[in-house]
């Protein structure tokens, strides 16, 4: 058994490597001596790694202590910030107002937040932002109803009253109110002779299913029932998920391009173009399935600037190269940048969590004891809020309806702190493809 103590192993090597001549028969062989040396080298390497890790941790602690001491003035600083109110028509998350504690805000459906969604208590006793408030959303302000439809406001929703000949939740579809294109008046397919019988000197007539009796007695005719028009009226259930086409005595449902009709003949299902046998995207790009279509993406890392550069470690992630020891600005840039793509239907019910950001510590290493989440970029910040769901997780929440087709981008940030000292931050760039349909 080889001693585990480095000192004991070293003494053993000295004794056994150079014995007295008369005891040479008890010496270690060359192979045994080399094996013992290798074990000692491995042991020293492990000790060196643990020592370096301890030094790094001690430096971090000393830097945090230096920062906290430097902030202390001659007078005692406040240990808490003023109380914050819950916004009218909104909610507040967080009841502690001590230094470095966070408070988050969100609004009820039908309202949007004006002001910061999160604030942090600073050591000087002030918050990082003003008290936010909730403002009512006018769902009709974007004029969502098409083709002369009238918009009616609702709570976090709207309703379109369509003019004759139009249908759909935004009056975007043309209702089939007459015979198909190419037919002529009196087409026998849409008007048929009734079946009549003489009963007790009176004539009784009836029509096949899907037709109704029209006209005066003795001159009646069976006219087609336009189910698409009948069930397209306000308050009646929809016959079709997408578009309804009237047919003689019945109807059929159609789906838009990029969708297939399911076995029930009414529902539509998106076709995933990205799983076909033949690739649809050029080499070097990745196919992202969207509602009724697809996108070919190839995200790129930020260009290098000065002593800051990034390397692509996977198709959807970039990592920052190590920073020079004296470069403080470099360390405050994102350590990792990841890319994410989501496909959503129009008019998705809100609020709903779309994306989740979290951290986990490597085994044997001290992880961050404080995380801060926020929205740091994008083209539609007002549609989203970033809210902490637990100590290690932040949720990106959609709080306003999205009307397609459109593409939204939002950048979310997670910053790590150890004993109030900044360690690193990570950015996730989320791209959202909104389809023109609500299915």
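Each Cβ is built from the backbone N, Cα and C atoms, and glycine gets one as well.
According to Swiss-Prot, the feature signal peptide maps to 1-24, an assignment based on sequence analysis.
Sequence annotations record features per position, and here Swiss-Prot assigns domain 'Sushi' to 79-136 based on sequence analysis.
Annotation comment: Swiss-Prot describes 81-121 (among others) as disulfide bond. Here residue 81 (disulfide bond) comes close to 97, 98, 99, 121, 122, 125, 126, 127: these same-chain residues lie at least six apart in sequence, with C-beta atoms under 8 angstroms from its C-beta. According to its DSSP assignment, residue 81 (disulfide bond) is coil.
Sequence-distant neighbours of residue 107 (disulfide bond) (same chain, six or more apart, CB under 8 Å from its CB) are 87, 89, 90, 91, 113, 134, 399, listed in sequence order. Residue 107 (disulfide bond) falls within a strand when secondary structure is assigned with DSSP. Among the features that Swiss-Prot reports, disulfide bond is placed at 107-134 (among others), with the record citing similarity to another entry.
Other C-beta atoms found within 10 angstroms of the C-beta of residue 124 (N-linked glycosylation site) number 11, with every protein chain shown included. The N-linked glycosylation site feature in Swiss-Prot is assigned to 124 (among others).
The domain 'EGF-like 1' feature in Swiss-Prot is assigned to 136-172; the stated evidence is sequence analysis. A Cβ distance under 8 Å defines the sequence-distant neighbours of the domain 'EGF-like 1' (136-172), meaning residues of its chain 6+ beyond its ends; these are 89, 109-112, 228, 232, 234, 243-244, 347, 350, 400-401, 403, 436, 438.
The annotation disulfide bond is assigned in Swiss-Prot to 140-151 (among others). In the structure as shown, the Cβ atom of residue 151 (disulfide bond) sits within 10 Å of 19 other Cβ atoms.
Under the three-state DSSP scheme, residue 160 (disulfide bond) falls in the strand class. The disulfide bond annotation in Swiss-Prot covers 145-160 (among others).
In the shown protein chains, 22 other C-beta atoms lie within 10 A of the C-beta of residue 171 (disulfide bond). According to Swiss-Prot, the feature disulfide bond maps to 162-171 (among others), an assignment based on similarity to another entry.
Here Swiss-Prot flags 224-269 as domain 'EGF-like 2', drawing on sequence analysis.
The DSSP secondary structure for residue 228 (disulfide bond) is helix. As annotated by Swiss-Prot, disulfide bond applies to 228-244 (among others), with the evidence given as similarity to another entry.
Less than 8 angstroms from the CB of residue 240 (disulfide bond) sit 228, 251, 253, 254, 266, each of them six or more residues away in the same chain. According to DSSP, residue 240 (disulfide bond) sits in a coil region rather than a helix or strand. What Swiss-Prot lists as disulfide bond is 240-253 (among others), and the listing cites similarity to another entry.
Mapped onto three states, the DSSP output places residue 255 (disulfide bond) in coil. Its Cβ taken as reference, residue 255 (disulfide bond) is surrounded by 22 other Cβ atoms within 10 Å in the chains shown. Annotation comment: Swiss-Prot describes 255-268 (among others) as disulfide bond.
The disulfide bond annotation in Swiss-Prot covers 274-287 (among others). If you draw a 10 Å sphere around the CB of residue 287 (disulfide bond), it holds 17 other CB atoms from the protein chains shown. Under the three-state DSSP scheme, residue 287 (disulfide bond) falls in the strand class.
Swiss-Prot lists 281-296 (among others) with the feature disulfide bond. Long-range Cβ neighbours of residue 296 (disulfide bond) (same chain, at least 6 residues apart, Cβ-Cβ under 8 Å): 280, 281, 282, 285, 286, 287, 288.
Per Swiss-Prot, disulfide bond is recorded for 301-318 (among others), and the stated evidence type is similarity to another entry. The Cβ of residue 318 (disulfide bond) lies under 8 Å from the Cβ of 301, 302, 310, 311, 312, 336, 337, 338, each of these being in the same chain and 6 or more residues away along the sequence.
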Spatial neighbours of residue 171 (disulfide bond) among the disulfide-bonded residues 140, 145, 160, 244, 268, defined as Cα within 10 A: which are they?
145, 160
On average, what pLDDT score does this prediction assign to the domain 'EGF-like 2' (224-269)?
87
Here's one to test understanding: among the recorded positions 124, 162, 307, whose C-alpha is closest in space to the C-alpha of residue 145 (disulfide bond)?
162
Work through the recorded positions one by one (124, 140, 151, 160, 307) and name whichever has its CA nearest to the CA of residue 255 (disulfide bond).
160
What subset of the recorded positions 124, 151, 244, 274 lies within 10 angstroms of residue 160 (disulfide bond), using C-alpha positions?
151
How many helix, strand and coil residues does the domain 'EGF-like 1' (136-172) contain under DSSP?
0 helix, 13 strand, 24 coil
If I take the alpha carbons of residue 124 (N-linked glycosylation site) and residue 151 (disulfide bond), what is the distance between them in whole Å?
49
